[in-house]
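The domain 'Cytochrome oxidase subunit I profile' annotation in TrEMBL covers B:43-558. Summarising the annotation, TrEMBL assigns transmembrane segment to B:16-37, B:58-81, B:101-125, B:145-169, B:189-214, B:226-254, B:274-297, B:309-331, B:343-367, B:379-402, B:422-439, B:493-517 (among others).
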Amino acid sequence: MAMTATAGHAHADPHHIGVVIEHPGPASKRIVTAYGFWVFLLSDIVMFSCFFAAYAVLSGQTAGGPRGSEIFEQRNVAIETVCLLLSSFTCGMASIAADVRNRFWFYLGMTVTCLLGVIFLVIEFREFADLVARGYGPSRSAFLTAFFSLVGCHGLHVSAGVLWLLTMMAQVFAKGFRADILRRMMCFALFWHALDIIWVAVFSVVYLLGSGA
Amino acid sequence: MLGKLDWSAIPFDQPIPLIAGAVVLVAILGVLIWVVVKGHLPYLWHEWITSVDHKRIGVMYILLASVMLLRGGSDAIMMRIQQAVAYQSQGYLPPEHYNQIFSAHGTIMIFFVAMPFVIGLMNLVVPLQLGVRDVAFPTLNSVGFWLTATGALLVNLSLVIGEFARTGWLAFPPLSELSYSPGVGVDYYAWSLQISGVGTLVAGINLVTTVLKLRTRGMNYLRMPMFCWTTLASNLLIVAAFPILTATLAMLLLDRYLGFHFFTNEAGGNVMMFMNLIWAWGHPEVYILVLPAFGIFSEVVSTFSGKALFGYRSMVLATMAICVISFMVWLHHFFTMGAGPDVNAIFGIASMIIAVPTGVKIYNWLFTMYGGRIRFATPMLWAVGFMVTFIVGGLTGVLLAVPPADFMLHNSMFLVAHFHNVIIGGVLFGAFAGFEYWFPKAFGFRLDERWGKAAFWFTFLGFFITFIPLYVAGMLGMTRRMQHYDVAAWRPWMIVAAIGMAVLTIGVICQIMQLVVSIRNREALRDRTGDPWDGRSLEWATASPPPVFNFAFNPDVRGEDAYWDMKIHARQQSLGHDVPEYQDIEMPRNSPTGFVCAFFATIMGFALIWHIWWMVILGGIGAFATFVVFAWRDHDEYVIPADEVAAIDRVNLEERRSLVSMAGTI
């Protein structure tokens, strides 16, 4: 049988050189984890794209209710955007700190990320609460349905991210920078940056286009 | 306190579901008591329920699918009897019950039979074929399975507590909106699919990563067995399509629970958006199911013809082409909605184009058989039966892809016959072929051939007797989902279809008998070589059932048909003398995470259906806590020492040495 002595070792087999580039075997755990998480993120983006599509279809269906330009407040959205983009930066700092095993900068980076995320959520929540109080809740019109769902879906993701972030900090506190913890940290960072990208799309499609209309 | 749940939820006035429910309950209790009394509980818990071994999880998936097949099959029998007797009468089923039955039948057969069956086979076989020790994320794999089981459990609960949807298997609004379906039926439907959908997505991510990142040394893309390719394609489709289902059902649930207006008639909601979204998932879903079956047939035809697969590269190309095109045809599900001739023409042409790679596959199988030494073992019978059946289904599909023809046949029994033709003839035959083919690998003994062949012939004939009449009835204008009818011309065909159903049922009984007889005679049917069919790919290179680590060494692949090459090579050199140097193997530790998670998901799903909000919160906290606890553990692997690996592997090598000398001569 061919699966004898040479199998399992990494060095090249002389018979194969120059013929085909041989597949080297299973990838490392770090690559497998990151790859799987990327695939998950892509599927999550597909889900978001459905809500974007629904928004595109329904954005004109105001049923006599307000249009986007009447309810969007540019100042709030600007602050939200700044918060989220900054948090991506601080999350990156925390990732670097984790890579060089620096606890202080890791905790600092994560804390600031968390704060920025929470500020974002508070502003978004106030925007929603204000709209509902004025009678412009999601059941007012199909446009508002799509708006609340798309933006709210992103907000839910940010909330989950904050929860995950706190869990990450607790894990580093309890277990230190172990290999599996670092892999999770990498996934968290990917998740947080992906939320940023989605927010850029939300910002453009909902707020920028909506305010002009 | 208990939301909408009260005693009126239990249908005391309807004998059929109550009796069925009672029988199932007694059966479950009986099995549970037997398990506890016999002291099997620790074994079940440690070896199966908490197992993260891909082979065990695969077996559990298939077990779930088989049980649900019986449930979905009972629904089918009830429908065929109803339509046979309901000429100018009400039949024996009240209308709202009949509507629940056809909705449950479709939902169960697609989501809880076909899906778990193919995912189970992929789980069982793909890591073995790739020559690796496990899937990419073993614990997640267990979570995925148990969430699927949760969905199945919720659907079955609806039989006794409350009701199931009466809206068809895709719950089209506005019928599924709160104003037209105020009961909990649609909620049962939506939450069970949401929960099991998460499980499916997890399985998809897992298998995509496994195929792309975990192949053994030398397993280049163009050396992967065909089943791995179709698994890759199918799981790419899962990853791309299932989030659409999740989003769509989430929108429907928001409409129902919080008064949103995605799909309502009022306030600007758009019903057609649901059709577009659901079919943007639904059409790829058809290929998610059938592509793995194509892979199974490729393996089976090649093995039982004693030849390498004809046109391997064209097969890979066809698989990936189907993977892409399947996303471009969804609109053919509603040609009649008024999208206009241009849109219809484009989607009609796309729908016909997808038949081309499928045709390529059929020819490749035929040419693989041509000139081969064909053995008509049971898996091969299913494969050949499939080719005949599927061509009929494919041709009627191309007919339906012609928009003018579709205007005549849309929503008719012809359509019903067509999709049963491809799903039964394609997916179910594939699942049975895979079941027969890989059973010896999973359990170490073959299945009884006589009962297997009987099962095939009864199913095959029963299938045609059932569904050819439905084609005719469709041509005669009979629409689908009819509770009763007054057209005399349809009646004889419905009676023939009911007879066909009886024949099909005999096929199912034969299948069960096959299992019973084989288990009883397992010593006589034992396969010690691990390679009962003279196989060609790596899963046959290890013992049956495989040790928990699959391979003592990661195999080194030198070409297509990896194991076949090894056998030929070994025979030429009369090999098997190298005593390899064994090493310790690290394997993932068992974990109850999946089971506990599904427990909380069940509580949460049930509470959501009945609006029991405190219980929802409890379930949510429980699920999150489970994940934190899982994330907190320190040792997620254990080591199998080299001595133990050596002891296990030596037995396998001994058995195999005798076999190697016979390779290719059987």
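Just so it is clear, glycine is given a Cβ too, placed from its N, Cα and C backbone atoms.
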When counting Cβ pairs under 8 Å to the transmembrane segment (B:58-81), the leader among B:16-37, B:226-254, B:309-331, B:422-439, B:493-517: B:493-517
Residues from the same chain, set at least six apart from the ends of the transmembrane segment (B:379-402), whose C-beta lies under 8 A from its own: 293, 296-297, 300-301, 304, 332, 348, 351-352, 355, 358-359, 362, 365-366, 409, 414-415, 417-419, 421-422, 424-426, 429-430, 432-434, 436-437, 452-453, 456, 460, 463-464, 471, 533
Per-residue pLDDT averaged over the domain 'Cytochrome oxidase subunit I profile' (B:43-558), given as an integer: 92
Beyond the flanks of the transmembrane segment (B:189-214) by at least 6 residues, Cβ under 8 Å: 103, 107, 111-112, 115, 119, 122-123, 126-127, 130, 132, 135-137, 140-141, 143-148, 150-152, 154-155, 164-165, 167, 171, 224, 228, 231-232, 235-236, 238-239, 242-243, 245-246, 249-250, 252-253, 256, 601, 605, 608-609
